[in-house]
Amino acid sequence: MAGVLGSVVFWLIIGIHVTFLVFAQEGDHFVYYDFRNADLELDGMANTNHGPLHLTNNTNTGTGHAFYNIPIKFTASSLSSFSFSTEFVFAIFPLQKSTYGHGMAFVVSPTKDLRSNGSANSNLGIFNRANDNKTATHIFAVELDTNQNSESFDKGGNDVGIDINSIVSVESADASYFNARKGKNISLPLASGKSILVWIDYDGIEKVLNVTLAPVQTPKPDSPYFSSFIKPKVPLLSRSINLSEIFTETMYVGFSGSTGSIKSNQYILGWSFKQGGKAESLDISRLSNPPPSPKRFPLKEVLGATISTIAFLTLGGIVYLYKKKKYAEVLEQWEKEYSPQRYSFRILYKATKGFRENQLLGAGGFGKVYKGILPSGTQIAVKRVYHDAEQGMKQYVAEIASMGRLRHKNLVHLLGYCRRKGELLLVYDYMPNGSLDDYLFHKNKLKDLTWSQRVNIIKGVASALLYLHEEWEQVVLHRDIKASNILLDADLNGKLGDFGLARFHDRGVNLEATRVVGTIGYMAPELTAMGVTTTCTDVYAFGAFILEVVCGRRPVDPDAPREQVILVKWVASCGKRDALTDTVDSKLIDFKVEEAKLLLKLGMLCSQINPENRPSMRQILQYLEGNVSVPAISFGTVALGIPNISHETVTQMTTTSSSANFSFEDVTVLFGGR
């Protein structure tokens, strides 16, 4: 009898112990293998009917949440209380072979009710437009993202990210695990239908968060086999972060998943959590089995679902077209008329590595320009207009309208654009050699431009201006021609860029006078006096540009000797003495004398005070190609519009002026000799 009683007691103890392993819970730690009796609060699509925690199913645009019912207490006076450790096994089954739904996340939240906070699709059922990126949200999540989207800016559709109060991850990486034998990370498809282990460990004292992944052995072992045996030594993500600034005193832990137009079944097969220490290792042999793959539906049900879907899409299309027509004027009409490719913000964010400073190519009056690389490998330059730029939108519209359809080998091509939440971004061809200004005036280049390279650049810019003035369907006035706006490609060909001040108009229509904009030294007399902008004002600026390239000097240089401060005036004085070539850049030892004289005289012709006496861009190109001889100005007189700039203006010049603090003097120059 005693033996029987002892046996009963023994098996009773074992039963209690096993029950504890299957469903062990206290306020600060618990382990679940079968979720049917787990102390969880479920909403949305989430259910535990078959043992595993089933977060999402084959429902479109839905969410599923599951939170441990007992709150976790985090005490501000004890940093160790913020330490926690959790591990869980998940499996995601896509309903279509190549599409994977939107993913899931482990969440620590001040509330168990995320139904009003979290939207579906790319927000993973956690965030929405109202609470995204708000410090008052107090949400921490580790996301397992299985679908590339334009909201979260993470990796490319199979990544793990750390989210703090926003769907935009503070750190993310392609899903993978460290293989010690191979000494490298091995890619790990998240939506493969296979079981995957995740460890999330946070040290509240050191303030370090580690996220580690590993595949689970299949089929399950018959005897106990613990997760600690397969945990990689190197975490996938490791980040210093102070969660005491994020967590409130009471938080809930759980999971969130979502679907959009793409559906998937998401399961949690086992879960262990502990506050203030290491979570109990999961026994792989005790994990819940994921259900079999979804069954094929009878033809009748398939047809019914298809008809319903078509009806829904048709109705949605009608509503979309109705709203599109109703709000057409709100959608910016110019965007339809001038429509280069539109990029998602996520793609540009990835391409520029989050607009990091080490990707910065330069900054101007309206914004910063960053280098980027698209997924295709194409290098781009992304101009991001400042939020507080008063003319930001106006400049953006001008560049889109002007550049979107312009095509010329000597123009920097606008590849596309992006508008998101007030952000203005323009995407251009990347010019690996930077601006011409860098080569002419900065010593950080490996070598100077040769004479033939400079001549080729001048001809290229002239060809681009001829296209803008005469060959495109409208007249395009660039209004800011200068060396810093000429970019150089890999072969050092010059390309005209930065259309931020550009204006375009139909042929035969004269533009009204406008506010004076441009750069000192490049602005024609009639522009500064009356605000008149024509192709002749572009020609005047091109003349200043020619002299700038040939002489290696800026049109106005406050650091030059007094007689050389105004470049066109100095060239004129040298012309009087039959010494034009004395003005050629001293770094050029291989220049061709006659070619240099032609360019200098052409620059002077473009600088005449009377716009009617300046040549057109077509004539200029004919002079440059040698098809027509330059007028014999060396034997006549030329009235030049030379800036009469005060010393104060010279020393306080700005790159782009809204007003011109100088006048022009009519100087008659007599050229003699060669």
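Sequential numbering from 1, following the chain as shown.
Every residue gets a Cβ built from N, Cα and C, even glycine.
Model, not experiment: these values are computed from the prediction.
Here is what Swiss-Prot records for this protein:
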| type | residues | note |
| --- | --- | --- |
| SIGNAL | 1-24 | signal peptide |
| TOPO_DOM | 25-301 | topological domain 'Extracellular' |
| REGION | 28-274 | region 'Legume-lectin like' |
| CARBOHYD | Asn57 | N-linked glycosylation site |
| CARBOHYD | Asn117 | N-linked glycosylation site |
| CARBOHYD | Asn133 | N-linked glycosylation site |
| CARBOHYD | Asn185 | N-linked glycosylation site |
| CARBOHYD | Asn210 | N-linked glycosylation site |
| CARBOHYD | Asn242 | N-linked glycosylation site |
| DOMAIN | 355-633 | domain 'Protein kinase' |
| BINDING | Leu361, Gly362, Ala363, Gly364, Gly365, Phe366, Gly367, Lys368, Val369, Lys383 | ATP binding site |
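With the fewest other Cβ atoms inside 10 Å of its Cβ, the least crowded of the binding-site residues Leu361, Ala363, Val369 in this structure is Ala363. Remark: of the glycosylation sites Asn210, Asn242, the most isolated position is Asn242 (fewest other Cβ atoms within 10 Å of its Cβ). The two recorded residues, Asn133 (N-linked glycosylation site) and Ala363 (ATP binding site), show a Cα separation of 27 Å. Ranking the glycosylation sites Asn57, Asn133 by how many Cβ atoms sit within 10 Å of each one's Cβ puts Asn57 at the top. Note on the region 'Legume-lectin like' (28-274): its mean pLDDT in the predicted model is 87.
Counting only residues at least six positions away in the same chain, the Cβ atoms of Ser176, Tyr177, Phe178, Asn179, Val234, Leu236 sit under 8 Å from the Cβ of Asn185 (N-linked glycosylation site). Classification of Asn242 (N-linked glycosylation site) by DSSP places it in coil, neither helical nor stranded.
Closest to Asn210 (N-linked glycosylation site) in space, going by CA atoms and restricting to the recorded positions Asn57, Ala363, Val369, is Asn57. Secondary structure from DSSP puts Gly367 (ATP binding site) in a beta strand. All protein chains considered, the CB of Gly367 (ATP binding site) has 22 other CB atoms within 10 Å.
Annotated pair Asn57 (N-linked glycosylation site) and Val369 (ATP binding site), C-alpha to C-alpha distance, rounded: 44 Å. For the pair Leu361 (ATP binding site) and Asn242 (N-linked glycosylation site), the C-alpha distance works out to 33 angstrom.
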